[in-house]
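Beneath this line is the structure, given in structure tokens, with notes to follow.
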């Protein structure tokens, strides 16, 4: 009898996170919470909520990083809300780079579809794992770890990334360190950089 009770309790616990409805299409007019968007009324859901064509067009790489990221997160693709996945397109012109960044809310898979992309991440033990990927190669970036992508091809490289969250979050390391209103002395004390370098980076 006690084994049966343990089995039933375990079953209840394991199934407590099961979905209670087929989907939760994001209501983009409502505020977003840590759990995602509120659900749109089922009567207002259409097939277009589950289709996104935005990754078919190349992004504009005319920027300082010579790269573009086109997201397909819940905010752009409402049908993803609550499903624990999302995607984005990377376009990297020659010399283009997606600078060091993290996704606090998701792991990432990169699939190269054109050109070659050098990508890597830094483990919590400060080990660097990097590789130049060619068309058809994929690479995984574990959740929360610093990582980057850059192109060495003589033409635009393209990749598609997939995340284990409908909103993976993003923190760009350079911006986190230097695009803030912390006093230069405090940044210096926590990064061991001299004030002249910090002021240059903040600029």
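Think of each number as a place in line: the chain as shown, counted from 1.
Positions of Cβ are set from backbone N, Cα and C atoms, glycine also.
Taken from TrEMBL, the feature Mn(2+) binding site covers 101, 103, 108, 147. Around residue 103 (Mn(2+) binding site), taking its Cβ as the centre, 22 other Cβ atoms fall within 10 Å, counting all chains.
Residues or ranges marked as oxalate binding site by TrEMBL: 103, 108.
Here residue 39 (disulfide bond) comes close to 21, 24, 25, 26, 27, 81, 82: these same-chain residues lie at least six apart in sequence, with C-beta atoms under 8 angstroms from its C-beta. Taken from TrEMBL, the feature disulfide bond applies to 24-39.
Averaged over the domain 'Cupin type-1' (53-199), the predicted model has a pLDDT of 94. Annotation comment: TrEMBL describes 53-199 as domain 'Cupin type-1'.
For 1-18, the entry in TrEMBL reads signal peptide.
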Number of helical, extended and coil residues in the domain 'Cupin type-1' (53-199), per DSSP: 22 helix, 58 strand, 67 coil
Residue with minimal Cβ packing [other Cβ atoms within 10 Å] among the binding-site residues 101, 147: 101
Neighbour count (Cβ, 10 Å) for residue 24 (disulfide bond): 24
Cβ neighbour count (within 10 Å, all chains shown) around residue 108 (Mn(2+) binding site): 24
